[in-house]
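Reading through the structure tokens given below for one structure.
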Amino acid sequence: MNKSEWRKKIKQELLHTSEEDRITKSKAISNQLFDTTEWRKAQSIGITVSRKFELDTANIIKRAWEEGKKVGVPKCYSADKQMEFREIRSYEQLENVYMDLYEPKKDETPLIPSEQIDLIIVPGLVFDKTGYRIGYGGGYYDRYLYAYSGQKISLAYTFQTTDKLPHEEFDIPVDQIITEDGRFI
């Protein structure tokens with residue numbers, strides 16, 4: 001399958017995942033993340049605010065705040081397809097921008113330079129066993145990760161993983177993928 005076929009297939013599976021499954025599996029995946037050395041060592045994390053059909057990140061954000069970690073959420077700039085992470089301390093600092101995506105309000109949230117983010121939870125639709133991913137197609141994360149040297153972990157349901165995906169020379173693999181069935185890479 002090519003990238004667009006993978007996107008279509010996995011989006012359909014995500015949309016058909018029951019809320020009960022999503023909650024149960026998201027919790028199992030989050031708990032595995034919390035057990036990693038990368039999580040324990042991180043003073044700051046970069047993470048997206050999940051949409052209703054995606055793996056739930058609210059529990060992760062809450063836990064990060066409870067542990068005193070700095071939480072950065074991406075702010076995207078469509079004109080040049082760039083993004084940056086801005087620190088949020090509450091959900092009131094977010095705004096719904098498009099396609100039900102929540103981003104930080106720029107005037108209320110400080111920029112977190114990439115070298116100050118210890119761990120980025122990299123989103124995607126499908127992942128392979130070598131860390132490559134297919135995202136939503138904007139390329140924002142690949143551009144950002146090109147100059148990022150911290151830890152990169154992706155969280156996914158098992159059905160979002162496969163042995164091998166098509167990838168380009170500019171695609172940046174993640175260091176680890178965590179599913180409800182375990183971790184790999």
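Any Cβ shown, glycine's included, is placed from N, Cα and C.
A TrEMBL annotation is a machine prediction, not a hand-curated record.
Feature list (source: TrEMBL):
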- LYS3, SER4, GLU5, TRP6, ARG7, ARG133, ILE134, GLY135, TYR136, GLY137, GLY138, GLY139, TYR140, TYR141: ATP binding site (BINDING)
- VAL49, GLU54: substrate binding site (BINDING)
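Recorded features from TrEMBL, shown on the structure.
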residue : record                 : DSSP class
LYS3    : ATP binding site       : helix
VAL49   : substrate binding site : coil
GLU54   : substrate binding site : coil
ILE134  : ATP binding site       : strand
TYR140  : ATP binding site       : helix
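Each residue contributes its Cα atom, and for TYR136 (ATP binding site) and GLU54 (substrate binding site) these two points are 12 Å apart. Among the listed binding-site residues, namely GLU5, GLU54, the Cβ with the most fellow Cβ atoms inside 10 Å is that of GLU54. Take the CB of TYR136 (ATP binding site) and look out to 10 A: across all protein chains shown you find 14 other CB atoms. Per the record's binding annotation for ATP, residues LYS3, SER4, GLU5, TRP6, ARG7, ARG133, ILE134, GLY135, TYR136, GLY137, GLY138, GLY139, TYR140, TYR141 show a top Cα-Cα distance of 20 Å. A straight line from the CA of ARG7 (ATP binding site) to the CA of VAL49 (substrate binding site) spans 20 Å.
Here VAL49 (substrate binding site) is positioned 15 angstrom away from TYR140 (ATP binding site), judged by their C-alpha atoms.
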